[in-house]
Amino acid sequence: MEAAAPAGQAPAAASKLSEVVGAALQDPRRQRRLVLVIVCVALFLDNMLYMVIVPIVPYYISAANEKPTPTSKVNEPILPPTTLVNASASTANTSVSSTAATPAVSTVQPHHPEDSEDVKIGALFASKAILQLLVNPLSGTFIDRMSYDLPLLMGLGVLFASTVMFAFAEDYATLFAARSLQGLGSAFADTSGIAMIADKYPEEPERSRALGLALAFISFGSLVAPPFGGFLHRFAGKPAPFLVLATVSLLDALLLLAVAKPFSAAARARANLPVGTPIHRLMLDPYIAVVAGALTTCNIPLAFLEPTIATWMRHTMAASELETGMAWLPAFVPHVLGVYLTVRLAARYPHLQWLYGAFGLAVIGASSCLVPACRSFAPLVVSLCGLCFGIALVDTALLPTLAFLVDVRHVSVYGSVYAIADISYSVAYALGPIVAGHIVHSLGFVQLSLGMGLANLLYAPVLLLLRNVGLLKRSRSERDVLLDEPPQGLYDAVRLRERPVSDQNGAPGSPPGPFDECEDDFNYFARS
């Protein structure tokens, strides 16, 4: 009897613990903090997976090229990225071995496989952004109709499958399929995650702070991924880094299931909310178009420099492999500093978000123009730090602005508007790995850097068109109006729009702004 008592108390204790945990998860404040953690981990994983293959992918492609062929001895590429000293030594050895067989062409043939390897790596990196670019218009509409938790769970599931494919891939075709599959998962996970943050944090400065934290996790994932992947690949085997990321992705999905319960009756009820503004109508909004253009412009230098700067460093300053790998490492600090500074300024002066973004574009433009003038490692690091600092300013200032524009000009459902933001990023990162190399070969690295810097400097004054956005008043949710309760979830995505100005017929309108002449065209398309 005494032995049976503890056995009978165990289920009761477990049931009580489950009730306590369930009650904690139902608390709106704790729940949205857990949601923020889940989204930050998802964004961290996506960027880790994007960058973790940087030190690993040459081994994959080289292994595929080492299959026996009639010219395998001549066309064997160099496995790891090489310094100028290693490159000259290997070229000499290759030419000596090939002279015995084909002396007439031995000095030319070794260069072809290296060029082919660069093309393959560029296409591999661009495939994610290209598929993400194609899927985002559909994923944004799907997120608006299905709420945010289910698409996020789907995205994590696809990222898990993609990571497992990377772990066991043995050829380039499987790598390409895994990378493309990651783009599909990112189109759902990234967009729904950012949209969920905007919905759970409807008020400033909490929204800017939460989105800034998400951006910091994105930067941190991109920073630690290459050394993380290279270390585990060397000491634990090729599948090790991907299996670790797959495990974390699975745990993040399980935590999302416990917190959001996307298959519960409450989740199905949330999915029956009115649908948000269609993505094509949001694209016609001139304010949203200006923000999307700024997000694309500010990310072009980073997307174009990443695949080209290592080669330029080796030829210009005889940089070692360690220096080319460490060039971006210090940039994490100014990026986090830019996020923190913008969040603090937005809390005190929220109507100047456009100014923070314009200043960030100017910093990016100046830093990009300074990069080709650097002839040593230290000045180059300073220029790259300025580049990442400016990107942090633009992203942290304009991502909350997109949510604010939807709040005051459309229905406050954020899937489609952040799909537009994801499209803006994808345009830059789809073109970068493919186009940047061709521009460098045809025009030169100096012209590429100066052109990108000039584009950012010219776009900075365009953000003056957003200076009146701060005059728009935030709408109050239906719950605030009828029940006088604070916002508590996705239900508050249904907003009652309050406009400070009315037209002659008493219809709500926007305050005077630079796009007054565009309003009639926009309203025409909106009614149709």
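Cβ atoms are placed via backbone N, Cα and C, with glycine included.
Unlike curated entries, TrEMBL annotations are predicted automatically.
From a predicted model like this one, the values you see are computed outputs, not experimental measurements.
What TrEMBL says about this protein:
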type     : residues : note
DOMAIN   : 35-478   : domain 'Major facilitator superfamily (MFS) profile'
REGION   : 498-519  : region 'Disordered'
TRANSMEM : 34-61    : transmembrane segment
TRANSMEM : 150-169  : transmembrane segment
TRANSMEM : 210-228  : transmembrane segment
TRANSMEM : 240-260  : transmembrane segment
TRANSMEM : 287-305  : transmembrane segment
TRANSMEM : 325-347  : transmembrane segment
TRANSMEM : 354-373  : transmembrane segment
TRANSMEM : 379-405  : transmembrane segment
TRANSMEM : 417-439  : transmembrane segment
TRANSMEM : 445-466  : transmembrane segment
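Note on the transmembrane segment (417-439): residues 118, 121-126, 128-130, 132-133, 136-137, 139-141, 143, 186-187, 190-191, 194-195, 198, 279, 282-283, 288, 291-293, 295-296, 299-300, 302-308, 399, 402-403, 405-406, 410, 447-448 of its chain, located 6 or more positions outside it, place their CB under 8 angstroms from a CB of the stretch.
Long-range contacts of the transmembrane segment (210-228) within its own chain (CB-CB distance under 8 A, at least 6 residues past either end) are made by residues 36, 39-41, 43-52, 54-55, 193-194, 197-198, 200-201, 241, 325, 328-329, 331-332, 335-336, 339-340, 342-343, 388, 392, 395-396, 399-400. For the transmembrane segment (325-347), the list of distant contacts is 55, 204-205, 208-209, 212-213, 215-216, 219-220, 223, 226-227, 306, 309-310, 313, 319, 353, 356, 360, 377, 380-381, 384-393, 395-397, 400: same-chain residues at least six beyond its ends, Cβ to Cβ under 8 Å. Among the recorded stretches 150-169, 354-373, 379-405, 445-466, the one sharing the largest number of Cβ pairs closer than 8 Å with the transmembrane segment (240-260) is 150-169.
For the transmembrane segment (445-466), the partner stretch with the most Cβ pairs below 8 Å, chosen from 34-61, 150-169, 354-373, is 354-373.
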